[in-house]
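What TrEMBL lists as transmembrane segment is 20-45, 66-84, 90-108, 120-145, 165-187, 199-221, 233-254, 266-285, 305-325.
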Amino acid sequence: MRGRVIELSSWSLGDIWFCILGLFLVLYVVLDGFDLGIGIISLFARSEQRRDMMMASLGSVWDANETWLVVFAGALFGAFPAVYGIVLHGLYIPIILMLFGLIFRGVAFEFRAHARHKQYWNYCFGGGSLLAASMQGVALGALIGGIPVEEMAFNGTVWHWWSPFAVLTAVGVVFGYMLLGATYLIMKTQGRLQQHARRVAKITAWLTVAISLIVSLWTPMRFDYIAQRWLEWPTLLYLAPLPIAAAGSFLMLLRAIDKGYEHTPFFWSVGIFIFAFIGLVSSFYPFLIPPSVMIANVAASNNTLLFMLAGIGLLIPIMIFYNGFQYRVFQGKIKVDDYGN
């Protein structure tokens, strides 16, 4: 009886940590997503003053946003160490390029504020943002497409991650981040820059949804079990509200942009991401690495998961409270004078 309890507890803890990792990933994608999106949009800014305004909108939050990526990586290593090793091995090149992009943009953000000639740092900040976002999309596409695993070790080539499907997801992530960035600028700016952000938000919203639809149709064609999950009863009944909710968020986003609302476009764009993420996770659960690595097979020991859960239970509420307090303190419209101070 005792052995059965331990087995059930271990399985349940693996599911709990699967959900916790999902929370960390959503927080990172939403918070650093608009951050990277603004960096990409800055590549097309028509003046240095507009770039200064974009930078000022990020000045108080950009470094804290990236914290969630570190938390996610640390939690993945502790809860599912085998998955951490497989993913790092299989996606080594896109992960390294992503880190280089994040480093470039971080250095450029600090140096640009005090540079006499800013063009070089403009390219570093915007290019680093584009590189990081696109490599995250490539990694997502490679993970969805399936990573070859044999005896809990990566069993593919160094270029296995590169495919037309991964390129498509990379483009989708770039446009999605630009959507988050544009709607955040609508909330934080005014005047011509805000109007420009509205135009960018509308264009990128259509592009993001279009690519998401292609990916959503392409994925079941690659994996039969995903097609069965979405098309067979009764799972269809449970999953059908997700695309409906995402479509509703998209329509409400377009309406909010047309009506001239300032805050709701950002939250509707976040809604699109959240519903899409839940749909993606629902498609692959209980696999961590499709189509072979399952949660129950790679979870850390029961004691390890319990110990980590106790630590996370204390740390995460503090981090979420701090993030919320930070955004509350720095809410409101920004001025160009805010940049570099």
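In case you wondered, yes, glycine gets a Cβ from its N, Cα and C as well.
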Cβ contacts the transmembrane segment (305-325)/the transmembrane segment (66-84), at least three under 8 Å, sequence gap 6 or more: yes
Remote residues contacting the transmembrane segment (90-108) - C-beta distance under 8 A, at least 6 residues beyond either end: 36, 39, 63, 66, 121-122, 124-133, 135-136, 138-139, 142-143, 147-148, 154, 156, 158-161
Within-chain partners of the transmembrane segment (66-84) [C-beta distance under 8 Å, separation at least 6 from its ends]: 14, 17, 20-21, 24-25, 27-28, 31-32, 35, 102, 106, 152, 288-289, 293, 295, 298-300, 304-305, 308, 312, 319
Positions on the same chain near the transmembrane segment (120-145), where near means CB under 8 A and six or more residues out: 33, 35-40, 42-43, 51, 55, 87, 90-91, 94-95, 97-98, 100-109, 111-112, 160-163, 165-174, 177, 215, 219, 222, 280, 284, 289-290
Within-chain partners of the transmembrane segment (199-221) [C-beta distance under 8 Å, separation at least 6 from its ends]: 41, 144, 165, 168-169, 171-172, 175-176, 178-179, 182-183, 186, 227, 230-231, 243, 246, 250, 253-254, 257, 265, 269, 272, 276, 279, 283
Residue numbers, six or more beyond the limits of the transmembrane segment (20-45), whose CB comes under 8 Å of its CB atoms: 51, 54-55, 57-58, 61-62, 64-66, 68-69, 71-72, 75-76, 79-80, 105, 122-123, 125-130, 132-133, 174, 176-185, 197, 200, 266, 270, 273-274, 277, 281, 312, 323
